[in-house]
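Residues or ranges marked as region 'Disordered' by TrEMBL: A:1-21. Here TrEMBL flags A:26-47, A:68-99, A:105-123, A:154-178, A:206-231, A:251-278 as transmembrane segment. According to TrEMBL, the feature domain 'ABC transmembrane type-1' maps to A:73-279.
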Amino acid sequence: MSSISIPNRRNAAARPPPVPSSGVSFVLPALLLILAVFILPVVMLLLRSVTEPDPGLQNYRELFESATVARVFVNTFVVSGLVTAIALLIGFPIAWLLVILPKRWADLLFGIVILSMWTNLLARTYAWMVLLQRTGIINKTLMGLGLIDTPLPLVNNLVGVTIGMTYIMLPFIVLPLVTTMRAIEPDLLRAAALCGAGRWEAFRRVLLPLSLPGIAAGGLLTFVMSLGYFVTPSLLGGAGNMMAAELIAQLVQSLLNWGLGGATAFALLVLTLALYAVQLRLLQRGRSQRGG
Amino acid sequence: MRALQSIGVIGAILGALTLSGTPAHAKDMVFTSWGGTTQDAQKQSWAVPFSKQSGVTVLQDGPTDYGKLKAMVESGKPAWTVVDVENDFAVKAGKDGLLEPLDFSIIDKSTLDPRFVTPYSVGSFYYSFVLGFNKDQFGKKTPKSWADLFDLKTFPGKRTLYKWSAPGVLELALLADGVAPNALYPLDLDRAFKKLDTIKSSIVWWSGGAQSQQLLVSGEAPIGMFWNGRIDAIRKSGVDVGVSWEQNLAAADALVVPKGVADKDTAMRFIAFASSAQAQADFARASGYAPINLGSKALMKPEEAAALPDSHSQGQITLDMAYWAEHRDAVAKRWYEWQGK
């Protein structure tokens, strides 16, 4: 399990060994591949936003004037925020369990968390559809138990999207949190207890603040990934909550309006990069605080 | 030096990547359609016998993706030889210069339903949007008309409609609102969207045929608009779903050739074969969609022909492709603005 987990925080904080110059050529093929098959096409699509159908910024004017685009972006941020918050609430205890459980049980739990990442995304999303639909297992069980009379609307709406995406994002919250929590000295919690702190007090004043870097890293990772999510929202979402990636897909695939599609993609990219910059700042601050 | 070598390796990989989409031999072609039961039927009825007759290997790809098609044409080397697209897209793409004009010295136009022939496309098959419903959900009440689709009181629950901006949804909204079939075009978009607003919170979109079947059979959406062939396929599988052909909306898929394909001649010969009376009859038998060759019906048994849209021509409304070709972009813009609202 340690072979998979992210490097320990203390190691990461230490100065990395100097890179031997010959190492560059090892990275070069990967860099070139990324440049050729990823960065270049993205740049070309973005260029279309200022060249199609005519050169100029009319696509961006349309983008900013469109109430639809605004609504779709707001919806994207709301869903991403919701998913991040719920994934944190569920992921935090899981991460803590992974840290404190005996190795055998921790490995098992870790396997369960990781296993979900190894299953095909589409299969997992369809699985949720089977579980959540009107005649699905959850509704049938609840109705069988007499708890509800009519099926709960669990899918094709915001509820479905949130459940599906939270589940998919969980590992991305848990992994950074585990790394952070591993580095917390168990003695600190013992010391808190000795000083008379109850469980809640110890959690609030010791464990939570010390876990903050992991919360920030995992939270932002999840949020940023959620912003661009396509498969799950389009399959589990309803008519009223289109997300940005779906809008872009519709513009590019169905309407062939690559200019506006490129502009929308660029707007999403800028917002994502801005959040990434925030993440870097947060991480740096966390590091320098520890150093000082 | 090592860096140079790695660039060479990358070059080789990229070369392989770009080539992998195109047929390896001159005698290969790629036919692209929408997957599922429909493409299976196309493969069995068109591709397999065509290969036998001509020696050309027909590779299958899918689903059709208009964005991909455009990107391929722009790259100059489309990997798809013949593509099954919706008719309104065929007309628009022909106008936008994305398609090869068809060679009607190879394809016999005189035997084809003239409603579905353009300089850039011939019909692939024609289908109807019909009202389908799950019989378990509404007790003794039976929905019949498009107006019933909008009647949330009598027929409660989600309704499933076609997700993309395409001929069909707006027309049925107007028909449900009382517009006479001969007064449909030009579409009154404001009125159509206003009508759709009345059921908007109950709409579940389907973006592909298999999804529409799943929604209907599971009861997730007990009523909706469907491609008639998909209802046919559900019934053949033994599940008894209801269907109403009242004011069924006929439209066609079209076969097109992306601009710049290497072997135009093979593309034309494939289309000539696929649109022939026998191939169209075989496909209709397998899929429940109607043939676009006027000679196909004579080759089918009466009971086979009974399941097809053209035996429901009473009250059938042909969606106006000329209108759609003209207004596709403008309608599409309104469509996604309304969807995102």
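Placed from the backbone N, Cα and C atoms, the Cβ positions cover glycine too.
Among residues of the same chain six or more beyond the transmembrane segment (A:251-278), those with a C-beta under 8 A of the stretch's C-beta atoms are 42, 45-49, 51-53, 59-60, 62-63, 69, 73, 76, 220, 223-224, 227-228, 244-245. Outside the transmembrane segment (A:154-178), and at least 6 residues removed from its termini, the chain residues within Cβ reach (under 8 Å) are 5-6, 79, 82-84, 86-88, 90-92, 94-96, 98-99, 113-114, 116-117, 121, 124-125, 128-129, 132-133, 136, 138-139, 211, 214-215, 217-219, 221-222, 225-226, 229, 232-233, 235-241, 243. Looking at which of A:26-47, A:68-99, A:206-231 has the most CB pairs under 8 Å to the transmembrane segment (A:105-123), the answer is the stretch A:68-99. Counting same-chain residues at least six beyond the ends of the transmembrane segment (A:26-47), those with a Cβ under 8 angstroms from any Cβ of the stretch are 258, 261-262, 265-266, 269.
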